[in-house]
């Protein structure tokens with residue numbers, strides 16, 4: 001469900017940009033959107049291009065917070081609404097219903113935000129007669145660089161550019177900082193939010209780290225442009241303010257305009273460079289070459305949401321299946337490409353009699369054992385946070401993994417018998433083993449075709465048909481073997497080996 005929704009909303013660049021703008025505007029946290037996007041990417045739910053689009057959109061979406069605070073937060077007595085929101089938020093938080101609990105979190109969050117804005121405004125008003133922070137203002141590019149650094153450090157400490165912007169706007173409204181220094185602080189706040197994404201990517205896979213790097217590059221380029229042309233942008237803000245009938249001394253709204261402009265410029269500059277940026281990130285941050293298969297999707301970043309946990313386990317189970325597919329094909333003395341191609345299997349099997357046997361035990365230890373153990377461990381750690389329905393899905397993936405491992409163990413025994421009897425003097429025995437190889441290879445090929453289908457009712461029907469075919473094939477094999485034993489073509493011991 002989540003994968004389909006994300007695919008529909010992020011399958012084009014303009015959609016992923018819009019997704020980032022809308023979700024950040026609603027949640028008022030670009031840092032949270034960045035972490036969730038890294039989680040989606042690490043779980044394989046979205047592509048790197050879509051992730052970059054969301055991050056770019058999130059940077060524009062975060063500007064809505066500055067507009068809301070500047071336009072309404074400082075002009076309306078929002079503390080009046082804070083307490084009712086907190087009361088109803090706490091009441092709803094205590095409910096068992098997930099929807100009500102979610103609404104409770106939203107109300108409580110807004111209540112604390114409104115209360116925080118009120119107290120910050122009161123705080124700056126209280127000491128503005130005693131302490132004049134504007135006395136510490138620094139002009140020129142020296143001041144721009146200094147206050148950009150201060151804004152970045154404040155965001156790193158608070159882990160929220162939105163919180164930093166609220167603080168900047170309230171201080172600016174109380175005339176405790178100059179307009180020029182406020183612009184630099186806003187640039188720093190934008191740059192500081194990348195630290196949260198970088199921290200969030202530490203437990204992610206290589207794609208998660210690439211996305212965090214893209215976030216850093218975007219914000220660094222945007223900040224560099226904004227710092228270089230800060231005075232030109234300031235004049236542009238003045239022109240736009242006149243168009244919008246904003247008073248010349250309404251610095252809080254002018255700050256919101258500036259924040260929107262430099263983020264929009266960053267998007268316009270970087271948007272055409274996304275393919276180049278993606279190639280660069282893939283070249284610089286490449287996958288580590290390991291001798292033993294490691295999980296691709298089971299990372300700390302994917303544990304942020306229950307749905308990403310389930311999707312990560314599903315994709316990792318498919319990774320396990322792919323590795324097992326190669327071992328089983330090799331156990332049948334076939335190459336994986338032989339099974340996946342369109343050439344008749346009968347012809348391939350006849351040509352592969354002298355195909356070297358693979359070491360199943362060795363391949364199991366390299367590509368399956370640690371991977372399967374990681375899936376089991378990840379599921380065990382995730383289960384306490386799951387609903388019964390979600391837990392059932394994880395149990396089904398764990399069962400699928402166990403079946404895959406059992407299939408490899410069966411392949412090991414089959415390979416041993418193939419080595420003993422595939423070149424047997426008995427023509428009948430050789431033919432039966434070739435028939436068995438053909439049946440299993442056909443099953444693998446059809447299973448691979450089913451896997452390419454969309455996960456809907458037709459896929460379930462195809463799997464059911466495949467299961468019935470296997471039962472029928474097994475029954476026919478038993479009938480042939482019983483007849484061969486009666487006709488003295490093979491011994492009972494040879495029959496049990498097939």
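Any Cβ shown, glycine's included, is placed from N, Cα and C.
All annotation found in TrEMBL is predicted automatically rather than curated by experts.
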Ranges in play 32-58, 275-301, with TrEMBL marking transmembrane segment at 32-58
Among 102-121, 302-321, TrEMBL lists transmembrane segment at 102-121
Expected hit for transmembrane segment in TrEMBL across 7-28, 183-204 is 183-204
TrEMBL feature transmembrane segment, matched against 59-75, 161-177, maps to 161-177
Long-range Cβ contacts under 8 Å made by the transmembrane segment (251-274), restricted to residues 6 or more beyond its ends, are 13, 17, 49, 52-53, 56-57, 59-60, 62-63, 66-67, 69-71, 74, 165, 168-169, 172-173, 179, 182-183, 186-187, 190, 218-219, 221-222, 225-226, 233-234, 236-238, 240-241, 244
Same-chain residues at least 6 beyond the ends of the transmembrane segment (211-231) with a Cβ under 8 Å from one of its Cβ atoms are 34, 37-38, 41, 48, 51-52, 55-56, 59, 141, 144-145, 148, 180, 183-184, 187-188, 190-191, 193-194, 197-198, 200-201, 204, 262-263, 265-266, 269-270, 277-278, 281, 284-285
